[in-house]
Amino acid sequence: MNLVLASTSPRRKELLTHIGLGRAEFSFSQVAPDIDETPKAGELPRDYVQRLAAEKALAGLALCSGMSQPAVLGSDTIVVLENEILGKPVDEADAKRVLRALSGKAHTVMTAVALAKADQTSVRLVETLVRFCVLSDADIDAYVASQEPMDKAGSYGIQGLGGCFVESIEGSYSCVVGLPLVETRELLSEAGIR
């Protein structure tokens with residue numbers, strides 16, 4: 001079986017590498033699927049993130065048509081505050097707006113991971129509660145000026161400078177980074193990939 005990561009995210013690549021525990025025989029390739037990430041009318045955040053992960057895995061599988069027995073991992077992460085999905089910021093003003101909204105509050109990070117093979121697609125959903133400290137305008141301005149939040153759901157990266165804003169988490173740290181390790185290992189194990 002040939003493992004493929006349907007993502008070009010350096011964070012997901014690094015996390016998937018960790019799953020191999022340094023074994024030389026654990027390897028994977030990457031593809032960049034292109035899907036429409038527009039939420040459907042009335043779609044709940046849990047349903048949305050699971051749908052996107054599955055669609056990414058299936059789109060990645062379609063890109064592997066010449067490969068022998070591909071197994072494709074797709075993943076998607078969203079930040080949810082008061083039932084609103086906070087995606088990647090469209091610009092610096094949007095990033096600042098999102099960070100102000102998160103300031104001093106708890107929000108949920110949802111990451112879904114899907115494994116698609118020729119005959120089936122399996123999906124796991126992981127949710128982690130993240131609590132932010134109160135952020136000053138100066139903190140927000142400096143963080144956005146670093147450009148770190150610009151490609152991240154919820155406008156922050158817990159594994160980088162944005163970790164300074166995290167007061168506590170309840171749940172999976174790797175979920176917040178973008179690929180829940182325990183659940184991904186379970187999916188791979190069930191597919192016979194070790």
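Cβ atoms here come from the backbone N, Cα and C positions, even for glycine.
On a predicted model such as this, the values are computed, not experimentally measured, just so you know.
Marked as active site, proton acceptor by Swiss-Prot: ASP76. Look at Swiss-Prot and you will find ARG11, THR77, GLN159 tagged as site 'Important for substrate specificity', backed by sequence analysis.
Note: the Cα of ARG11 (site 'Important for substrate specificity') and the Cα of GLN159 (site 'Important for substrate specificity') are spaced 9 Å from each other.
Counting other CB atoms no more than 10 Å from each candidate's CB, the recorded sites THR77, GLN159 peak at THR77. The Cβ of the residue listed as 'active site, proton acceptor' has GLU37, VAL49, LEU52, ALA53, LYS56, THR111, ALA112 as same-chain neighbours under 8 Å, each 6 or more residues away in sequence. According to DSSP, ARG11 (site 'Important for substrate specificity') is assigned to a helical segment. Cβ contacts within 10 Å of ARG11 (site 'Important for substrate specificity'), excluding its own Cβ and spanning all protein chains shown: 19. The two recorded residues, THR77 (site 'Important for substrate specificity') and GLN159 (site 'Important for substrate specificity'), show a Cα separation of 14 Å.
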